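Asks: Just passing along the structure, written as structure tokens.
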Amino acid sequence: MADQKVSTSCLNGKKQQSDFTWEVRANDRAYHMQFKKRVSFCLTKRKYADNAIKTGKYNALTFLPLNLYEQFHRMANLYFLFVILLQTFPEISTLPWFTLLLPLGCLLIIRGLRDLIDDIARHKSDWIINCRPCEILSGKSFSWKKWRDICVGDIVCLRKDSFVPADLLLLSSSEPSSLCYVETADIDGETNLKFRQALLVTHEELMSVESMAAFDGKVTCEEPNSRMHSFIGMLEWKGEKYSLDSEKILLRGCRIRNTEICYGLVIYAGFDSKIMRNCGKIRLKKTKLDRMMDKLVILVFLVLMIASFFLAVACGIWAEKFRRDHSYLSTFYAKTSPIKQAFFTFWGFMILLSIIIPMSMYITLEFIYLVNSFFIDWDVEMYYPAKDTPAKARSTSLNDQLGQIEYIFSDKTGTLTQNIMTFKKCCINGIIYGPGTGRKRRLLDESLSWNPYADKNLEFYNPLLLEAVRRDDDPAVREFLRLLAICHTVMVEEKDSQLVYQAASPDEEALVMAARNLGYVFLSRTQDTITISELGVKRTYKVLAMLDFNSVRKRMSILVRDPNGKIRLYTKGADMVILTRLHENGANEKITEKALDSFAEETLRTLCLASKEVNERDYTEWSKKHHKASIMLENRAEELDKVYEEIEKDLKLLGATAIEDKLQDGVPETIQLLKKGNIKVWVLTGDKQETAMNIGFACRLLSDDMLILEEEEISEMLSAYWVSNNNLSSSGEPLCSDSFVQKPLDTFRRGNTALIITGDFLDKILCIGEVVKKKKENFWKRMLCCKAEVQQEQESLLEKAFMNLATSCQAVICCRVTPKQKSLIVQLVKKHKSAITLAIGDGANDVNMIKTADIGVGISGQEGMQAVQCSDYALAQFRFLQRLLLVHGRWSYLRICKFLRYFFYKTFSGLMSQIWFAFYNGFTAQPLYEGWFLALYNVFYTAYPVLSMGLLEQDVSAKKSLQFPELYRMGQRDEFFNYRVFCLTLLHGTATSLGSFYIALWAFEDKVGSKVVGDYESFAVTVATSALLSVIIEIILDIKFWTVLSFLTVAGSLLLFCVFSYLTQNFQAFKEAPSIFRFPDASKNALTDPYVLLIILLCVVANTIPSLTFRLVRVIMGKSTIHQIRMKDMRLERDMVELRAHFQRGSMQRRSSYAFSHKEGYADLITRGASLRGRDSLGLSTTPVPVFRSSSSPRLEAHKTRVEFLA
């Protein structure tokens, strides 16, 4: 009970706060201009924001300092800057400082230009939005201005199909009772229409421009917030006060539909609007490898300092010993001391060894990221010809992270589904009319020529059903179609001599259109009548009552008197609701139940249809009860539901309908592949729970053998966990720990579990944590710091327990969540699981989630381009996600990891010899190699084979990557590059450098060749050549995917080594600049001696044998990727992913969702006449109108609901 009180007070706490300080005065800009609010310290800004939005990160003044600040968050850049500063001191410098500044400057410029291009795109998008035209009341008339000119308190005129520029209070509209129909696809992803209605007083008083110019009402409401579905306020006007709620507010981003004109008062503008409050900030995204590289840079820097310190100490000791042994040279050391010499040697080694982390690696890495992004753009397998839309990598620095995704957060509408409702099947009087073969256009036109109202675009139909309809001898068929044409809340109007349906739900539109194509056409309605055409005969029914749909009743009914005077009740609703209200269960009922199960197997949205005849006496008695309940002031809704229950019984079943909420192509197969790749898919949607569950089954995210946890079960588990963790022992320690919730979770991991919650439930869970934290904060402030830390950890246990429960499930569906809640869910998973996340969506309601996730993917869908503009990658279809992750993502991760591994290996192999050489030159930081070799080693000699590997490497083909998605798990486990791999690479490079150095040293100590006299230059050339060849052979052994470019880069590296060695060691160059070209003819003399060549061969063989042995052992033990693939190929008799048309669902407890998606209240609007124009305004003629359109908007017309009867 205590927990319930806490949660209740928390949920209501926002309402109880005294934050109603937002005052808006109509037509009074001066009033709002005078208010300021403090931002920080002495800085202030206007309290009431203007309507201009700025989503860019930089401007002309802040770009340079802010971008540099962000870039120097990378530890590598700080490291390079530190080395450049050291080079400015002549005493310790080994190279001119500008030679290192140039590549660092190039790196900063490349990244800065990339960030600038991205930000320019954001500024361009902002400019387009801010410059949209709108009509603002200025003086005594409306004038056309831009969105950015709107201010709080302005009155705005909106026309049909225009977007709402700010959060407005609806004042009046051209519709009856000042109704306004809006589409909220950009907010909650739903394309079905919703209505808003102005106050009666503003509807009656503000009917002209003059009255609006004189309007001086004051709105007092809550401060700007992110609660999309909540608004509390009050209008004061002419001494009266009127309450305001969310039903009277038009939110920014909505689109006006089916309303010619409306007027609104601006309440919140710009970033104060609710949609902008949910958009979130632009976050600097860094990959997992980036963060690891930052740590490695720090680690290598510390190792470098330690090594330089010990070498400097050794230098000081050696200098002191040398002075004692060679006192006759004391004159040369008069101005120095061993300590001073050791000090300068320390910094000399720091500079000499600093190239262990080469700047060229980061520049090459940027190029690899860029080219791999081009590969995504150029992939024809991810090109969508229907919209001429290719895939687009909008970010070039996140490709490797595509190969490490663990959680995908997906929107539903427009991302998984096409948002197209199709009438697919029906069962009438025990007969199923289902799929079959289509007919040719000529036969189709002939078969529908009898119906002037038929949709000529109909491609599929059922001839048996058409024949039964035309015979008109089956009462069940007649009543079934009559119900579809009568029992709904669809509105109709004439536009351009065509009837246009206005449906609040795409499901209802599909049903009405299905009846129309079968000869039962909905023509018109008034407050108390509805007119339909039945096989060409016009009939008008008197509407006695409309029993509205709501989420509890799960059904809708209409009570009508037909032209013959009989009273009939028509009801449609969820199968489990209708079947329990039948008069008797007969043979047809059993067949219908089997049909419903069959429809459920195909995850179709089902409705049961029933009717009954009501006698006059029963209707009279019921009408009195209905009237009495409808005028009650308290508990009206509950009493009406009871009255509805009395008449909605003893029904006769007519049949069932099945509507398909069409998925995008390949969605089920894609989710199956992702699940096999150990990627968990969460669906976050603004839709209701039943719809989301139905889509979950349709896309194979849910299956019938799953244990589905809903809010009640979750509450019980978390409540028990909460109570146990708040029962403290006398020592102050919790009686149970996090393992309490871990025990049932282990059971879930072994099973097949799904979790389904709503946004309200999520708020409740997180809010409990906030309340407890606030209650105990002051108490723990009085405790010791260590105990305070323990308490803070305990306070987050509930949140952590919920995330443990959710992440242990195979699927999670979150319904009725706001954009901010979507972002919060992503944050929780990142916080508690440290997992790599991907968010995918197509609307503005997904922008916050896309920005929060590690990878954001935008779908070029029906809801605009907002998601694409804020995304890192843009796709045309959800199914392309499988190729983006399993192919490009895995390849990019593999390439980047191999590139890093071998870049470090070749650097350690070639440059660690500097340390071994220090033991033989008195620890003086003298370079072993020629300066040109050091400068060109990482740029020309070894860079190109590694670059080729980073661009084109593949361990398996794209086909195998999709056939065996289990390979993706290697990226999730960081198998290709981690601290262990780095340490092994360090050891491998160290071993190669030791082999190259000491084998050459052993050979040069005792013997000389015919030309070589054992000099320092020849020794350096021998060691350098041995290390270079060892590195190239190692890369050759590890390349799995050979191309022409691979051969060219290997051959080119050897060729460049020969060419540059000749150029830099040319004797003529030495004569011209002896201080720059210090190794005259060294390579020519050394590499033409057979003895030296044998030494190099011995070094290469010694360095390669351990690597070959290791590879052979892996192949023998079957640990190589190719070997595992081959073994699986031999075991598998068919593909890993079975692409079935449908999966089996035999359970009747979890049938597919009922086909209702509109909200409660439409029936009340119709019966009150609030949404109806006069009958004459429709302009209906007695002659049939042969052409129909399913929607009044161009976008909905392009994607209109199709009525498909499959023969």
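Start at 1 and count along the chain as shown; that gives each residue its number.
Note that Cβ sites are derived from N, Cα and C of the backbone, with glycine treated the same way.
Fair warning: this is a prediction, and the values are worked out from it, not measured in the lab.
Under the heading active site, 4-aspartylphosphate intermediate, TrEMBL lists Asp411. Among the features that TrEMBL reports, ATP binding site is placed at Asp411, Lys412, Thr413, Glu508, Phe549, Lys572, Arg605, Thr685, Gly686, Asp687, Arg816, Lys822, Asn845, Asp846. What TrEMBL records for Asp411, Thr413, Asp842, Asp846 is Mg(2+) binding site. Residues annotated as coiled coil in TrEMBL: 630-657. The domain 'P-type ATPase N-terminal' annotation in TrEMBL covers 33-100. Under the heading domain 'P-type ATPase C-terminal', TrEMBL lists 868-1116. According to TrEMBL, the feature transmembrane segment maps to 72-89, 296-319, 339-365, 931-952, 979-1004, 1016-1037, 1044-1063, 1091-1113.
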Asks: Nearest by CA distance to Asp842 (Mg(2+) binding site): which of the recorded positions is it, out of Asp411, Phe549, Arg605, Gly686?
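Replies: Result: the closest of the recorded positions to Asp842 (Mg(2+) binding site) is Asp411.
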Asks: Go through the chain and flag residues at least 6 beyond the ends of the transmembrane segment (296-319) whose CB is under 8 A from any CB in it; none is fine as an answer.
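Replies: Tertiary neighbours of the transmembrane segment (296-319) are 75-76, 79, 333, 338-339, 341-343, 345-347, 349-350, 353-354, 356-357, 915, 918, 922-925, 982.
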Asks: For the C-alpha pair, I'd like the distance in angstrom between Asp846 (Mg(2+) binding site) and the residue listed as 'active site, 4-aspartylphosphate intermediate', rounded off.
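Replies: Roughly 7 Å, rounded to the nearest whole number.
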Asks: Starting from each candidate's C-beta and looking 10 angstroms out, tell me which of the binding-site residues Arg605, Arg816 has the most other C-beta atoms.
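Replies: The residue with the densest Cβ neighbourhood is Arg605.
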Asks: Which whole-number value in Å describes the distance between the Cα atoms of Asp411 (active site, 4-aspartylphosphate intermediate) and Gly686 (ATP binding site)?
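Replies: Here the two Cα atoms lie 8 Å apart.
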Asks: Which residues, given as numbers and ranges, are at least 6 beyond the ends of the transmembrane segment (72-89) yet have a Cβ under 8 Å from it?
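Replies: 95-97, 100-101, 104, 107-108, 284, 290, 293-295, 297-298, 301, 347, 350-351, 354, 357, 359, 362.
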Asks: When you look at the transmembrane segment (339-365) alongside the transmembrane segment (1091-1113), do they share 3+ Cβ pairs under 8 Å, ignoring any pair fewer than 6 residues apart in sequence?
Replies: no
Asks: Fewest other C-beta atoms within 10 angstroms of its own C-beta: which of the binding-site residues Thr413, Asn845 fits that?
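Replies: Thr413, out of the binding-site residues Thr413, Asn845, has the fewest neighbouring Cβ atoms within 10 Å.
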Asks: I need to check the long-range neighbours of the transmembrane segment (1016-1037): which residues 6 or more away from its ends have a CB within less than 8 Å of a CB in the stretch?
Replies: 902, 905-906, 909-910, 913, 928-930, 933, 937, 941-942, 945-946, 949, 992-993, 995-997, 999-1001, 1003-1004, 1050, 1053-1054, 1057, 1079, 1082-1083, 1085-1087, 1092, 1095-1096, 1099-1100, 1103-1104, 1107-1108, 1111
Asks: State, in Å as a whole number, the widest CA to CA span among the ATP-binding residues Asp411, Lys412, Thr413, Glu508, Phe549, Lys572, Arg605, Thr685, Gly686, Asp687, Arg816, Lys822, Asn845, Asp846 given in the record.
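Replies: Per the listed residues, the maximum Cα distance equals 34 Å.
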Asks: Give residue numbers and ranges for long-range contacts of the transmembrane segment (979-1004): same chain, 6 or more residues beyond its ends, CB-CB under 8 A.
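Replies: Same-chain contacts beyond the flanks: 292, 296, 897, 901, 904-913, 916-917, 920, 1014, 1018-1019, 1022-1023, 1026-1027, 1030-1031, 1034, 1091, 1095, 1098-1099, 1102-1103, 1106-1107.
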Asks: Just to be sure I understand, if DSSP states are collapsed into helix, strand and coil, how many residues of the domain 'P-type ATPase N-terminal' (33-100) fall in each?
Replies: 27 helix, 9 strand, 32 coil
Asks: Select one residue from Asp411, Asp842, Asp846: among these recorded positions, choose the one with the most other Cβ atoms within 10 Å of its Cβ.
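Replies: Comparing the recorded positions Asp411, Asp842, Asp846, the most crowded Cβ belongs to Asp846.
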Asks: Using a Cβ cut-off of under 8 Å, list the residues of the same chain at least 6 residues beyond the transmembrane segment (339-365) that approach it.
Replies: 76, 79-80, 83, 86-87, 89, 91-95, 100, 103-104, 106-107, 110, 297, 300-301, 304-305, 307-309, 311-313, 315-316, 319, 896, 899-900, 903, 907-908, 911-912, 914-915, 918, 923-925, 927, 934, 938-939, 943, 946-947, 950
Asks: On the 0 to 100 pLDDT scale, where does the coiled coil (630-657) sit on average?
Replies: 86
Asks: Could you check the binding-site residues Phe549, Gly686 and say which one's CB has the most other CB atoms within 10 Å?
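Replies: Its Cβ has the most other Cβ atoms within 10 Å: Gly686.
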